[in-house]
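Asker: Below is the structure I would like to discuss, written out as structure tokens.
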């Protein structure tokens, strides 16, 4: 069977719970790794290079862009953030499944560069629940919450660009579905070209 | 999420073990049903109409063909065998997953009429093992075994027409994979069109 790992892109509107699901996916799983971003922002207290982020300089980041070594990147205020291609490819080659938790714009950029990834859209059970979750974070003004909510409302239209949609009504339930998606994807005929030839030739 | 059931077509060369897998899939599962064939052959002792087969007459069978009420059919010696569309559609509509265990020619006919089915190709772990399994049945002459084996060898080329390929190296393992495929397929975006609209509109 398909021996390599998969890149699983978990994406969806803010408040859908993709971060919680990503963390829960890693529990008791030795075969799943979280993708590590590269950034030009300074490390915060307690952050380790190569664990929380790969910390780098603006010049080196720009080189990565030029050399096409990022699956996606974005500039947020004064800092660059990106997904290093090498990390993902190396782990996939070794048989690890790599989870990339990312916003919708980022996921669509990854899809252009790496269409063989598995693109999972996480949906909230309802828009009401999404609003509550955004509110609960409690870090934003009413105006910011409304803006974020409207943005989420529009972003849901992008689900059609994804392979799978998982409703996050219950984290464990969502995690079980994503695990099933990983197993199923590895059985897809288009990921196993050559397998039947090997069997026929007795290799 | 996707609330209807799925038609899961289990197929593959003779000796791959699709029958064993189909039976094992039904164990402890209330949501999975086996597709029941319609046939013009006479019931054998212990066979019940509507359980083992739907028994019918040649005239009625020919009507079913004309009215396009069979997903596939074949004539074997003097008897007709077919897969009734109504049984499959009714159960799917009620939310049951229907397993259809069928040879490769039959599966390809079903695919023409019902492309939204999930087509799973069961492979033996090796051709050597396939030969052993065909031999073990012990019902055929050496010549027949060789013929059957050659046929299986050629049939493996049809795997490219399927969605998934599962190696039957261990029945439980194969069953777990097929169960994961069922869960994953119900999360596919193309099976959930309209879902996100419902969520947006709060239905």
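Going from the start of the chain as shown, residues are counted 1 onward.
The backbone N, Cα and C atoms fix where each Cβ goes, glycine too.
A TrEMBL annotation is a machine prediction, not a hand-curated record.
This is the feature table in TrEMBL:
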type	residues	note
BINDING	B:12, B:13, B:14, B:15, B:16, B:17, B:18, B:19	ATP binding site
DOMAIN	B:5-183	domain 'Guanylate kinase-like'
Asker: Excluding B:12, B:13, B:14, B:15, B:16, B:17, B:18, B:19 themselves, which residues in that chain have a Cβ inside 8 Å of the centre of the Cβ atoms defining the ATP site?
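Answerer: Neighbours within 8 Å of the Cβ centroid, excluding B:12, B:13, B:14, B:15, B:16, B:17, B:18, B:19: B:122, B:124, B:133, B:152, B:168.
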Asker: For the binding-site residues listed here (B:13, B:19), which one has the lowest count of neighbouring CB atoms within 10 Å of its own CB?
Answerer: B:19
Asker: Over the domain 'Guanylate kinase-like' (B:5-183), work out the mean pLDDT and round it to an integer.
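Answerer: Summing pLDDT over the domain 'Guanylate kinase-like' (B:5-183) and dividing by its length gives 93.
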Asker: Can you tell which of B:12, B:15, B:17 has the most other C-beta atoms within 10 Å, given these are the binding-site residues?
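Answerer: Counting Cβ neighbours within 10 Å, the top one is B:12.
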